[in-house]
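*Asks:* Below is a structure I'd like to ask you about.
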Amino acid sequence: MEDITPLTNLQQPIVKKKMTERQPLLLQSEATGSEERQPPRPDVRSSPENILVNVQSDDSYGTGSNESLEKSTYNPSLHRTLEHPTSNFDTLVHLLKGNIGTGILAMPDAFKNAGLYVGLFGTLLMGAICTHCMHMLVKCSHELCRRLQQPSLSFSEVAFCSFETGPSGLRRYSHVARRMITTFLFITQMGFCCVYFVFVAFNIKEVVDHYFPHNYISVKVYLTLILLPMIPLNLVRNLKYLTPVSLAAAVLTILGLAFSFFYILQDLPATNTVKPVATWAQLPLYFGTAIYAFEGIGVILPLENNMKRPEDFGGSTGVLNTGMTIVACLYTTVGFFGYLKYGENVKGSITLNLPPDQFISQMVRIAMAVAIFLSYTLQFYVPVNIVEPFVRNQCEEQRTKELASTALRVTLVVFTFLLAVCIPNLGPIISLVGAVSSSALALIAPPIIEIITFYPIGLGKYNWVLWKDIAILLFGLCGFFFGTYASLDQILNPGIN
């Protein structure tokens with residue numbers, strides 16, 4: 001799941017802005033509630049990594065010199081003022097929404113590339129590692145907020161501040177770190193949009209081919225037909241007008257998953273009918289798909305920053321652990337039983353394996369295709385708002401700015417369409433997006449940030465934090481390189497697997 005102006009230079013004062021209509025959907029659920037409201041004060045929302053809010057500081061970064069005692073007792077959460085802070089339950093719902101997407105439908109294909117039992121324990125382990133990395137990111141954010149006397153920081157700002165306040169030899173790379181995080185966020189979201197194009201086209205094609213078997217139409221034709229309504233839909237700039245679209249997508253997704261479970265759990269074969277362990281050559285594909293599924297690290301800081309009681313986010317029974325436990329168990333269940341049900345014939349999306357001769361299964365395909373089609377706009381909102389301010393700044397007149405923004409949106413939609421046309425294979429493209437961008441954000445960036453953030457104050461007894469982070473970093477790098485290689489190899493040689 002599922003805002004956003006570019007990050008300001010952290011060495012410049014942050015200008016406070018009134019909230020506009022371009023508000024993330026995160027706020028819309030709680031706006032109608034009867035929760036106790038705090039005195040309103042505008043919160044600047046400028047997190048480019050996802051469609052959720054992030055709170056910015058009222059002060060400039062790095063201004064003034066405070067006493068050490070003040071820094072050690074500074075509590076960032078006490079200095080956050082929000083018009084619509086989210087409850088623990090609201091945050092849990094948004095956390096689930098931010099992690100559950102098309103990746104859950106690809107988990108049976110991931111298990112095929114891992115084997116039944118390697119996939120079972122590997123997915124749980126992957127979930128544990130990704131959850132730990134999310135805790136690391138939140139911990140670093142809190143430390144840097146105390147150090148800089150700031151209420152909150154976004155993902156890319158945490159990267160910037162960790163280098164800026166870390167070892168003197170690394171401070172020159174602070175801007176590079178911020179750009180790297182923003183770039184991978186952009187690549188991730190564009191990758192999601194490309195996957196959405198392919199997913200919708202394949203599911204519609206399956207339905208049409210069943211009812212009209214003699215009229216073969218290439219998947220590229222369906223991609224083109226999808227492009228036509230996709231362009232005007234993504235010209236809508238106010239997320240307020242997309243609220244009904246988001247609600248419809250959520251309802252259709254829930255219904256689609258429920259009926260998919262119904263078919264998967266019927267007449268399950270014995271576990272010895274599928275392979276328990278896959279080959280080493282297939283494991284990188286499993287890694288890419290699994291890490292793609294755990295796609296929610298970009299929403300972690302915005303969610304924690306916007307909570308009414310942020311102290312409940314962490315901890316062993318906190319919101320983060322509760323939500324990620326649900327996500328990991330759900331992914332493991334879908335992957336395990338989906339692969340057990342369909343074996344080596346499982347496809348890139350479990351909806352493509354549903355029985356074609358039943359009307360309900362065809363409706364599930366259509367429902368999921370419509371849900372993902374409608375969700376494209378929300379995913380697209382992130383990358384376009386990373387690039388759009390830069391494009392608008394190149395123009396002087398307001399009319400020219402609007403035309404440039406429109407042209408940018410059309411160009412980016414067409415770009416994801418062209419990528420989908422070039423790689424019309426759902427399984428490998430999901431694995432590629434996961435291996436390239438999701439692993440960089442979820443497994444590589446957090447340990448680097450933690451090492452640099454806590455280097456000045458120590459990394460634990462015997463430097464155990466350092467060794468732990470190095471192990472996670474090496475795991476992420478191996479997945480990055482081997483997963484990317486295996487995914488590209490399968491894309492270029494589709495008959496190899």
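Including glycine, each Cβ sits where the backbone N, Cα and C put it.
Source: prediction; values computed, not measured.
Residues or ranges marked as compositional bias 'Polar residues' in TrEMBL: 1-12, 47-79. What TrEMBL records for 34-46 is compositional bias 'Basic and acidic residues'. Under the heading domain 'Amino acid transporter transmembrane', TrEMBL lists 84-487. Under the heading region 'Disordered', TrEMBL lists 1-79. Summarising the annotation, TrEMBL assigns transmembrane segment to 114-138, 181-204, 216-235, 247-265, 285-303, 315-339, 359-382, 403-426, 432-458, 470-488.
In terms of burial and nearby residues, how do these features look in this structure?
*Replies:* Long-range contacts of the transmembrane segment (114-138) within the same chain: residues 107, 155, 158, 271, 274-278, 282-283, 286-287, 290-291, 294, 297, 300-301, 304, 313-314, 320-321, 324-325, 327-328, 331-332, 335-336, 339-340, 442-443, 446-447, 449-450, 469, 472, 475, each at least 6 residues beyond the stretch ends and with a Cβ under 8 Å from a Cβ of the stretch.
When Cβ-Cβ distances below 8 Å are used as the criterion, the transmembrane segment (181-204) is approached by residues 6-7, 48-50, 101-102, 105, 155-156, 159, 219, 222-223, 226, 230, 295, 298, 348-349, 351-352, 365-366, 368-369, 372-373, 375-376, 379-380, 382-383, 386-387, 412, 415-417, 419-420, 423-426, 429-430, 432-433, 436-438, 440-441, 445 of the same chain, each at least six residues removed from its ends.
Outside the transmembrane segment (247-265) by six or more residues, the chain places 97, 104-105, 334, 337-338, 341, 350-351, 354-355, 360-361, 363-364, 367-368, 370-372, 374-375, 378 with a CB less than 8 A from a CB of the stretch.
Here the transmembrane segment (285-303) has Cβ contacts under 8 Å with residues 1, 24, 26, 47, 49-50, 52-54, 86, 91, 94-95, 98-99, 101, 103-104, 106-107, 109-111, 113-114, 118-119, 122-123, 126-127, 130, 133-134, 137-138, 141, 152-155, 158, 185, 188, 192, 278, 313, 319-320, 327-328, 331, 427-428, 430-435, 438-439, 441-443, 446, 479, 482-484, 486-487, 490, 497 of the same chain, all six or more residues outside its ends.
For the transmembrane segment (315-339), the list of distant contacts is 88, 91-92, 95-96, 99-100, 103-105, 107-108, 110-112, 116, 119-120, 123-124, 126-128, 130-131, 134-135, 138, 260-261, 264-265, 268, 274, 290, 293-294, 296, 300, 303-304, 307, 346, 350, 353: same-chain residues at least six beyond its ends, Cβ to Cβ under 8 Å.
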*Asks:* Return the stretch with the most CB pairs under 8 A relative to the transmembrane segment (432-458), choosing among 216-235, 359-382, 403-426, 470-488.
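*Replies:* If we count Cβ pairs closer than 8 Å to the transmembrane segment (432-458), 470-488 scores highest.
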